[in-house]
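The structure appears below as structure tokens.
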């Protein structure tokens, strides 16, 4: 383990390496980190000696890793290391004040609770349940980074925790607009991120929960119920518990949705990053729940604030990554189907009840959970990202997860044909597609 014992490797001198203008070595002292923002060009990096990790995953010695443009990360060492970089960064600097000791202490406590749960009898649902950790905090407080660390440290010790991502604005497991869960069987790759092959994905279709709050809550509840059923038949996963990432909207409805998530997933540990006010509110409102610990943690000084335009750009890159790969190494397949071969639906809108059925003076309100068919010849579908639902009937769409996504590149009304990109060739797993407000202008 990177934090399991002192390094026996001798330190190296820092500074530029002769013979290359873009080759640079940095010596890190114990419990310090190298914070990096990659420029518009990829960056190569390796550990020359010592041990170091990124997002809780230890880097192999002497092996170059390539990091994509615009990626932001920190290389941390517990006992000292020398890092070598090849390329130009937007910025890079060392820092010796980090919250990592407090983070690893949280991991140690969670590990003890997992061991207790594993040793307990499976007949006792409460004691056999491992920690269900939910990470909350404002925008750009380091929530995603902390969840990666906790998951990687747990996997390094042989656990198989479940990662749950409720942040529809960015999306860690798959494209934005989704909520998802995935078992983490090994420390996360610092470049590739979360595995998608075993992910359970529900499509919300929007980048913010305020577009349809009731739908967001319904999908969160559906995901929680499915995971609960899986835990019943898998005591090891149950003992490993969950780590849940949340959105950065913590005021008004956003705060209500945080409480809804804490309650729906039966969270036992609430980690609050970067805001005293939120910690105080949650501590007070959860005071009556003796089985819930609310813990305040400092955010890292390396967290980078992102403006609205940067967030939008990040969403577009995530969609591009889904179809083309992180380094554009994939080639999606263009498929053309007749309008009659597919059915597209939106969730929300439509009258909930006719006026004649309402009390005098009342007005009809829209039903946020109504599944409404969409005309495929609607030009609004052009450049849309559509989810391929596992539902067999339209009324099962909300309760069904999705198999993947397609991107609409052309709608030919005259020929009644729709052309879309898909990650794999052949017929789609289902003819039922789900649309939201998520769109993407391809620039590859």
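The backbone N, Cα and C atoms fix where each Cβ goes, and this holds for glycine too.
Feature list (source: Swiss-Prot):
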type    : residues                             : note
BINDING : 33, 72, 140, 141, 142, 143, 144, 145 : ATP binding site
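Structure with Swiss-Prot features highlighted.
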residue: 33; record: ATP binding site; Cβ contacts under 8 Å, 6 or more apart: 74, 75, 76, 77, 94, 95, 98, 100, 302
residue: 72; record: ATP binding site; Cβ contacts under 8 Å, 6 or more apart: 36, 37, 38, 304
residue: 140; record: ATP binding site; Cβ contacts under 8 Å, 6 or more apart: 248, 303, 304, 305, 306
residue: 141; record: ATP binding site; Cβ contacts under 8 Å, 6 or more apart: 248, 273, 274, 275, 299, 303
residue: 142; record: ATP binding site; Cβ contacts under 8 Å, 6 or more apart: 273, 274, 299, 300, 303
residue: 143; record: ATP binding site; Cβ contacts under 8 Å, 6 or more apart: 135, 136, 137, 167, 245, 246, 248, 273
residue: 144; record: ATP binding site; Cβ contacts under 8 Å, 6 or more apart: 167, 170, 172, 245
residue: 145; record: ATP binding site; Cβ contacts under 8 Å, 6 or more apart: 55, 300, 303
Assigned conformation of residue 72 (ATP binding site) - DSSP reduced to three states: strand
Span of the ATP site, taken as the largest CA to CA distance across 33, 72, 140, 141, 142, 143, 144, 145 (Å, rounded to a whole number): 19
Local backbone state of residue 141 (ATP binding site), from DSSP in three classes: coil
